[in-house]
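> This is the structure, below, for whatever I ask next.
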Amino acid sequence: MSSNQDVPLPFTSSRPLPSRQPTTSRPGGTLKRNKTLTRPERHVAPAPLVAPPTQSFSPTSPLPQSDGFLNIDWWRLWAYATTFWAPPVLLRWFGIKEKQSRQAWREKIALCWIAVLLGGVVGFVTMGLQRALCPADQQNQSMYQRLGDTNMTLSISGWAFNISTSITQSNVDFYSLANQMPGQDITDLFTRSVSDYPACTSSLAYSSGAFCNSTSSSSGTSCVLSSMSQETFDSLQIQNTSLLEGYSWDQVAKLENYMVIDGYVLNMSPYLSFNPTAVEGDEVDSIIRHVLSNQTGSGKDATRLFFNRQVPQDAVGCMKARYVAGRIDKITPGCFVASFFLYVSLVVILAVVLARFAMACVFNWFLSEKLVKPVTEKELGRKGINPTIMPEGANVSVNNKLGTAPWAGGGGAAEGKGGGVGPGKKLVNGKKINPLSPLPSPSHSLPNAPLITLSQIGPELFTVCLVTCYSEGPSSIRGTLESIASTNYSDRRKLIWVVCDGMITGQGEKRSTPDVCVGMLDADGRFGNPVPMGYEAVGSGQKRENRAMVYAGHYVSRNGHRTPTIIVVKCGMPQEATEKKPGNRGKRDSQLILMNFFSRVTYNDRMTPLDFDLFRKIWTLMGVTPDYFEAVLMVDADTRIYPDSLKHLVNCMHHDNMIMGVCGETRIANKRQSWVTAIQVFEYFISHHHVKAFESVFGGVTCLPGCFSMYRIKARKDGDNDWVPILVKPEIVNEYSQSEVETLHQKNLLLLGEDRFLSTIMLRTFPRRKNIFLPQARCRTVAPDTFSVLLSQRRRWINSTVHNLMELVRVRDLCGTFCFSMQFVVFMDLVGTVVLPVAICLTFALIVNSIITPPKSFEEAIPLMLLAIVLGLPAILILITTRKVVYVAWMLVYLLALPIWNFVLPVYSFWHFDDFSWGETRRVEGEIRSKGHDDSTAVFNGTTIPLRRWEDWEKSRLRKLRREEKRRKEMERQFGAGFHGDPRLGGDLRGMGMGERPWARSEYDSDNGSLYSSEEDMWGGEVGGYNEHNPAFPPPPIALPPTDDPVSNINGETLGMDEMAAILDSGFDDDPQSQSTYPPLSHPRPHAHPPPPPISRTLANAPSPVRRHQHEYNAPQPRFNRIDSPSFGSGPNSARSSPHSADAGRYAAGEYVSIDRQDTNDLDAQMPHSGGSVSSSVESRPHGVGHAKKRSGGGAGIGAGTGARGGGYGPLGPLADVNEVGRGQTRGYGGSGKDR
């Protein structure tokens, strides 16, 4: 088969093409249309947030839009329109010289204008809408007295008077009038003059007629009572009730000669008495007579007729003053609209507030408790996809039927079987064996079947704990690592992954951050000194390329935990050596090192040298390949997690497969350090237990904080038959790794709030999956203790919140519908964030106004009720959820600081929309303040970093080892065993595996089918100068228990207890001086070997990362060191060369299984036969029931070559020195040495 095996073969058959299948599903069926509406290819993927979509022929890609009117950049035009008064010359004169900075400034002004407009709208709706639609003279319904409802009352000029104590007059009987109709109008009984009505200046009839109308005379000229003054009222003993006389529309319709203008009821009887006939040419008279004669059943409202023309409109004021009898006491349309809006606002806001409160309580009480329960045996008993099976869309050869990863078959790098890829072996006829065909695996320590029971993985998922460091000090970093290592989570299932963001020394620190981190590592000596490995970073211009060194070992906690640890130190390119912060690319780049690595592992995509180096070291440290990891915990370097937090988070992932991200509660560790930390305590609490708890009910937590959040790397599908990449999905990784950002919106998304932006991307990509909050998982972090640092931190948070909510509000697939949806809640959060300054000002105005003029009605009290509910419910939530009264005191402190939270911080943030720096948050020694507008003049012309798949990197690694071995043999033939740099004498090549015992030979060592011969492979320098399979070190740990597959037992026979005891007796030597640290010969597959705990040592004598960085670029190392050069090997000369003498009991107890040595022959000459010794493995059995299995055949002996330095390691512990037990014999792996 040709090397282009992934290319589909052309159709060359002479048979005709198959005919079309029948359209009916069964005989006699009917013709039906297929379910075209459910075709997944018709789903339109969301457009990227940052980079525009590229041209693609995928049916899921959005259709390209043609250039036209709709493609105009309206936002850029709006930015220029709002800043037309600031030409570029003026901005350059004020110091804004870069084009990007000027554009960012214009966009900032445009956003501030929008914030001001929204604030104005909110202010008008809150304070001005009521006054505009319902003036003060129309809005108070309690000022009215309805006509006919109150006895012993009459009205004068629209006001109700009490006549119960009045003196009876000879010409007017007040009591008789009140009995006829309580409240009727008696204004025309009083004497009035023109001076009483200054608005009546016209000569028309309505203004110049008589003022009086006698009840006993029809002449209309006599007035029975004196003028309307307080003296007259006192003499008549009638009292003004200060209530307006109210009329209903029905009453006005029934009353003769009454009509309405603009809500005023007018008694036109005096006018008609004085003008019994129509006045010729009088437009006002015509309207009056038309309304009174033609609208007898409709309330006689003349408002529209009077306001249509100028002359009648001028008469309105005079007519209201002269003929008023009362008011319409029904609510006016304006007041109705204002009241309706007020009540709708009350219902909506109250519903949202109460719903948030209720759902937060329900989640804290019930839902979260279910998520943290231990995983049951029933859940672990179901079948699931094997972690070594790659997801759909991965790079899988056409012959790989199961889709297994190339490193998964049979055990990994040393074999390349069972789905692995390698050069293959030639047959006699010259054809190659198909390297992807499933071959029998000699190892059964890991499950090989496509579907496995989840119990084989166990309740503890393989988890990466990512710690991103920048300029933190030793105490912060050690506290974080100590808290992770001390969690009640197995050290075999967690990997601490530390990323140091550049060669940086924090302000006030004596050592650089990389030096601090590496100094805490108990390094694994097999990896030697790391070399810088290239990778593609986040940056512009030449910053797109970067290099990093990978330190591997264990972090040893105070309570004895030995946790596998990887430290990635970003050291930068050679030209950065003289810069202030070489290698620094930001926190997002640190996260993307991990995300890109696991994405390439998941899809078998092309790897950078850094990825391959990480792959090898993780495999060696953990005993499993990286594709076994399913979750990643992201923690900041100043955060300390609680001991049970990691287990709670993983249990949450177990119970709900739809959860893609989960965060815990973050508490403040320095709450009493200053007033700045004190005002943050309640804010942290309420943002988690109120906001995030409510969002968790919908599964849509909009911000998973970067200081303490767990993401799912990949999830099993509902049918457990395939993987769904989550965090490492290419769409997420590509969008999160954008380097070229131009607009202010993009920079706020990517440069300030990378954690929130990652949550936004995941919710947009997987709107049906969940981001939740888990209150049982807790951590403590150090909050800003000075106001300047708090100001800088909240500026980043507020600005990133605004821009991320602007993107989330456009996601239509979030949970819920209309007002009962997560999208509506996001919209309210966005508006609420923008109008915070206006809201706090209106709040104080409301409080002051309520104190000066207390509310007199329910409607006036509604704003105060809302304010009390919004501020009071959190206190109730505290008592319900935590039952800690002390948080009520912290709430009072928070309320006192409301002007800071809602006015000072937002206003400062909005005005600094164009500042993309971290400000005062993390200062570096010698750092110069930058706003993030660095316009790099260098152009990224492509990367020099090689990208190759794992198979190709592995071939290059093995070829390099072969070249080094060939070179060593040649040197030995020329100069003898003691030549300069001989690795057996402590030379530099010990890190390459050139110890006393060479490594195992592998079928990867063949050059068949390779593009390069072993001497022409150009990638050796990118592999790394170490051999993780160095037999001078213990094999990797057993990460998974052996499976119960019966196939694994076909090569052995059961031994009795006596025979087992004899084997154990013959496998050890009681002389402690003869014990050695060398393992058996051959490279084991890392997950197929029983490990004693790895021999490790610190890098106390090694150069620091900073010095190492300078050393690598300024002084190249010679190929061979002096004979007396120090070595990183942990042999007998090491101070801790034999720490494993007590491990035999652990082997005997069944904690480790035997090392299978099939196909691991030495590259050197054949070793002497060891006789008939037996390799045995001890299974984990109850006490007294154990048995062992006798292995047939054996690999090469390990006796030869070990006599000079001592023994090696067998499956049951340290082997005795061959000088003690006989020349050429071994204890452990037996066999003739040629059976395999």
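Glycine too: its Cβ is placed from the backbone N, Cα and C atoms.
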> Swiss-Prot annotates one residue of ASN294, ASN488, ASN1008 as N-linked glycosylation site; which residue is it?
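Of ASN294, ASN488, ASN1008, Swiss-Prot lists ASN488 as: N-linked glycosylation site.
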> From the list ASN140, ASN151, ASN799, ASN941, pick out the residue that Swiss-Prot labels N-linked glycosylation site.
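ASN799, according to Swiss-Prot.
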> Could you check Swiss-Prot and say which of ASN213, ASN240, ASN395 is marked as N-linked glycosylation site?
ASN395
> Do SER101 and ASP915 end up on the same side of the membrane (judging by the domain labels in Swiss-Prot)?
no
> Quick check: in three-state DSSP terms, what is ASN799 (N-linked glycosylation site)?
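Assignment for ASN799 (N-linked glycosylation site) reads helix.
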> What same-chain residues lie close to the transmembrane segment (335-355): Cβ under 8 Å, and 6 or more beyond its ends?
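Cβ under 8 Å, 6 or more out: 125, 129-130, 133-134, 138-139, 694, 819, 825, 828, 859, 862, 865-866, 869-870, 873.
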> Which has the fewest other Cβ atoms within 10 Å: ASN395, ASN799, the glycosylation sites listed?
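Comparing Cβ neighbours within 10 Å for the glycosylation sites ASN395, ASN799, ASN395 has the fewest.
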> Taking 77-97, 109-129, 885-905 as candidates, which has the most Cβ pairs under 8 Å with the transmembrane segment (824-844)?
109-129
> In the topological domain 'Cytoplasmic' (845-860), how many residues does DSSP call helix, how many strand, and how many coil?
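Going by DSSP assignments, the topological domain 'Cytoplasmic' (845-860) contains 11 helix, 0 strand, 5 coil.
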> Does anything in the same chain, at least 6 positions from ASN488 (N-linked glycosylation site), have a Cβ under 8 Å from its Cβ, and if so what?
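Those within reach of ASN488 (N-linked glycosylation site), by Cβ under 8 Å and sequence separation of 6 or more, are PRO643, ASP644, LEU646, LYS647.
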> In this predicted model, what is the average pLDDT of the topological domain 'Cytoplasmic' (845-860)?
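So the average pLDDT across the topological domain 'Cytoplasmic' (845-860) works out to 84.
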> Looking only at the topological domain 'Extracellular' (98-108), what are its DSSP counts of helix, strand and coil residues?
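Residue counts in helix, strand and coil order: 10 helix, 0 strand, 1 coil.
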> Measuring Cα to Cα, tell me the gap between ASN395 (N-linked glycosylation site) and ASN799 (N-linked glycosylation site) in whole angstrom.
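Counting only the Cα atoms, the answer is 40 Å.
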